[in-house]
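**Student:** What follows is a structure written as structure tokens; I'll ask about it next.
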């Protein structure tokens, strides 16, 4: 299957500048292509993954991805999809974010491919251009009329847009031109909101290098959930690739909780499973939706891809322990992951009677209620029912001297962190 055919089967193509020309090009040779990300934060979230998963598919097909980190454009701010100006970041913050995103990209792309990935930072060539060169060599090739007509600018004319953000499309066009002349990059991939920026780059290349230049643009559709909301958010906010921001367990849970109506679409977008395997899973969603096999496969594939085999196995173990109630099998680190979003309480390591301890923490409203719940078998500590109101809570009850898990009823878990 041609790489373009595969992208279209996966529903991953929104717009192309010249479909026939691009098809012919990728059939004739292995091309270089690029996609960029600005370092507005120190981690990507799963929404950022969408165009880069397409880059990965090109890599697996033997093409040559160039990943651009916007060390220069990140100091300016992309107006795409924004209703207001971005807050400018210091150069120190931008550099910190550049380093973090570079590490994430290398982890995702430096394995499993049939070709190497090149990482570039547009600060390296942009900072050498002075204002006179910018205006004479590049600005002269942009019509104010055409710039104003771009959706990313037109949508901001009523609320206002600074000259800084207005010129962003010129800077991105300069990136494409630089990569075309220095790295033989012929294709730029981006989200649907990048169409205007991408076509600006194509126009600049043809003006500077001649209309015979073979350059192309391709955008990815905006991914919406079946309920019409934007993909990439959980109840707790964005789902990050950084395990310190979103633990591998939380990451796994996001995917395993995918709606039946969305799971096949996500399998096509985000995994490298074959059409035959995805069709097989689609049948199982229709026939045996209660087994949630497609969701489990999606969660496994994505957790392995972003966090690795070990993190996936750990997330699966935590999930099984929470489902069965057998939390004693977990380590303290696994407890911290699995119970991160649970109600959390602080306690000293001092030995206390269970009734007083539950009331002092606020898990129980009164001693009478605490005793009643214990006598009714409604209180469990670290997976074991507490049957005696005279039980003492000691540091020996904890996971590695750090945590105690209380369950009240069938599903109400609380995480107790032990201090000094």
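Positions of Cβ are set from backbone N, Cα and C atoms, glycine also.
Per Swiss-Prot, L-tyrosine binding site is recorded for 34, 168, 172. For 233, the entry in Swiss-Prot reads ATP binding site, with the evidence type sequence analysis. Taken from Swiss-Prot, the feature domain 'S4 RNA-binding' covers 352-418, and the record attributes it to sequence analysis. The motif ''HIGH' region' annotation in Swiss-Prot covers 39-48. The motif ''KMSKS' region' annotation in Swiss-Prot covers 230-234.
Any idea what these are sitting next to in the structure?
**Tutor:** Other Cβ atoms within 10 Å of the Cβ of residue 172 (L-tyrosine binding site) number 29 in total over all chains. In this structure, residue 172 (L-tyrosine binding site) is part of a helix by DSSP.
Look at the domain 'S4 RNA-binding' (352-418): DSSP puts its residues at 20 helix, 23 strand, 24 coil.
Averaged across the motif ''HIGH' region' (39-48), pLDDT for the predicted model comes to 89.
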**Student:** Across the listed L-tyrosine-binding residues, 34, 168, 172, what is the farthest Cα to Cα distance, given in whole Å?
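**Tutor:** Greatest Cα separation within the listed binding residues comes to 18 Å.
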**Student:** DSSP helix, strand and coil counts for the motif ''HIGH' region' (39-48)?
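**Tutor:** When I sort the residues of the motif ''HIGH' region' (39-48) into the three classes, I find 3 helix, 1 strand, 6 coil.
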**Student:** Around residue 34 (L-tyrosine binding site), which residues of its chain at least 6 apart sit with Cβ under 8 Å of its Cβ?
**Tutor:** 65, 66, 67, 68, 175, 176, 179, 183, 185, 187, 188, 189
